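Have a look at the structure below before the remarks.
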Amino acid sequence: MKSLLPLAILAALAVAALCYESHESMESYEVSPFTTRRNANTFISPQQRWHAKAQERVRELNKPAQEINREACDDYKLCERYALIYGYNAAYNRYFRQRRGAK
């Protein structure tokens, strides 16, 4: 019992010494990781936003046929399951090629 009190004091001092919070840890300017909607919109200028949207439209128009077929297959659950086993090309041919009239 006599050795318990000095041991508890020693443990408390060790915790205080190891858990000391220095001033350096408070120097971070990221007090809050979240930002307001107004500040979020200032990162990208309207011209850059317009350019990015235009590029996305161009990419959508110039997609390869295989990617368009895969997206159509992804939207249909049975086709997607079939594609996991036999591949997207075979799945698209099975579920969608007949509907378009091609053989």
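Just so you know, glycine gets a Cβ as well, placed from its N, Cα and C.
As recorded in Swiss-Prot:
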- 1-19: signal peptide (SIGNAL)
- Glu21: 4-carboxyglutamate (MOD_RES)
- Ser22: phosphoserine (MOD_RES)
- Ser25: phosphoserine (MOD_RES)
- Ser28: phosphoserine (MOD_RES)
- 51-97: domain 'Gla' (DOMAIN)
- Glu56: 4-carboxyglutamate (MOD_RES)
- Glu60: 4-carboxyglutamate (MOD_RES)
- Glu67: 4-carboxyglutamate (MOD_RES)
- Glu71: 4-carboxyglutamate (MOD_RES)
- Cys73-Cys79: disulfide bond (DISULFID)
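Helix, strand and coil counts from DSSP across the domain 'Gla' (51-97) read 42 helix, 0 strand, 5 coil.
Counting in whole angstrom, Cys79 (disulfide bond) lies 11 from Glu71 (4-carboxyglutamate) by their C-alpha atoms. Taking all protein chains in view, 9 other C-beta atoms sit within 10 angstroms of the C-beta of Glu60 (4-carboxyglutamate). Each of the disulfide-bonded residues Cys73, Cys79 was scored by other CB atoms within 10 A of its CB, and the lowest score goes to Cys79. Using a 10 Å radius centred on the Cβ of Glu67 (4-carboxyglutamate) and all shown protein chains, the other Cβ atoms total 10.
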